[in-house]
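A short write-up of the structure that comes next.
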Ligand SMILES: Nc1ncnc2c1ncn2[C@@H]1O[C@H](COP(=O)(O)OP(=O)(O)OP(=O)(O)O)[C@@H](O)[C@H]1O
Ligand SMILES: [Mg+2]
């Protein structure tokens, strides 16, 4: 599995798509920080906070909050990673080489998920680093202590990255079931929209725990403290196990 | 006793209601270059996909390097394969694609990559993206990928597809070299029987998903019929002449030629005999028995047998 991770890491460094993703993430982050305009898909945005963000001079901590609220858009940028890391294996049939190299199906699926998680984490880290750097360049105030700022930034980084990786794990399962990179990509596009729509319109409260961006917004606002993560982590863990488990079953039964 | 590399036992495969393989059994021993022969849709690729686990095995058993299919991950590490079309990342160059294979297989040596590229004659295209390779070049890249980890067992599905004559000869040498220098056991399928005949040491014939027959090259050389083809104006008259001179057996493929299934006749004497009996001889040619001919006859026999059933 380590071998496969190495191979994929090498492959990423050779693809323009990977660098383009990084550039887009940096550009998007810098743009929002500079223009102070929050964008994204939000179901239950806190009006007060939005109001505050729209009118105040952003401190750096405001920047982190604004960026967290805008993170759902990153899905569309990071989707490219999904296509490169696992989509290409199927669209270009290189899974034949990969699977014959002696990697087990379980290791294959897991390696792909881990690779996605790692690259997402790298991108989100850069996303938040860009806020801090841009804010410093713009001579903005900290708005809090460095310690609190970095803590908030790292918690939101991990939360957002993990949440996005869960959506991608569902997309992996869809790819295994349908063999279609297009269908699984469409899922990634629709997921945040659908969840926030149902969450608001149908008032399905259980959706709270899969409304990942709603959750990360709350984290950013400080209305959801790490001690209340329990149900979210549990939900994500269950989804992850189910997706990897069923992906494994699907790929074992598949005519490749 | 020869060491079995692959043991295929009573393997059946169904796609829906379609029986793609019907209780196929055969064995490949260390050092064999095993040629799989069969018409389109016979089941050759299916066999290869079952061995490499690209297709799940449901009926029968397969063992590879002595490990059974339920867990032969280690055995697969010793196996290289190119099944159906070669697959490569289109946006990456030849070298980059090979580096990925090297990393997947935990190979460190940079030289191995250059050697593999050199081996298949792609040195000039090292830095070319896979998407810009020609059909034959892509085939060569696929081969380089399959041989890079120095597998003990190499599976090649129609490897000379799309290769130019020089390429075919090179691949033939390459396989010979792998087999002789590195003791690589090879399973290969091809529709170009004349080529397969030159490469393989054993042949397995598949027909409509059934394993019909296996012959070694020596057996084949003995069995396949060599003979003499006569082009004549009057086949019935010529047949009479041959009959009366007790030159047998012969067959009449069409109304202007006769095939005598005997290679050691004195052709001068034969033509004299025919001409003296008033048969106009338009041509006479000695014919080496070929794998193609053997295959055609085998299929004919098999199909006739099927009809009798
Ligand atoms: N995934 C699949 N689903 C349904 N049928 C299949 C599948 N794969 C193969 N088949 C069928 O199984 C039969 C054997 O196919 P296979 O690819 O093994 O033939 P082959 O001997 O390799 O032929 P060719 O010489 O054309 O490559 C064919 O009739 C094919 O249609
Ligand atoms: Mg085939």
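Just so it is clear, glycine is given a Cβ too, placed from its N, Cα and C backbone atoms.
The model shown is predicted, which means the values in this text are computed figures rather than measured ones.
Feature transmembrane segment, per TrEMBL, maps to range A:67-88 of the set A:45-66, A:67-88. Proximity of the transmembrane segment (A:109-133) to the transmembrane segment (A:181-200) is not established, fewer than 3 Cβ-Cβ distances being under 8 Å for residue pairs spaced 6 or more apart. The largest share of C-beta pairs under 8 angstroms with the transmembrane segment (A:153-174) comes from A:229-251, of the ranges A:12-32, A:181-200, A:229-251.
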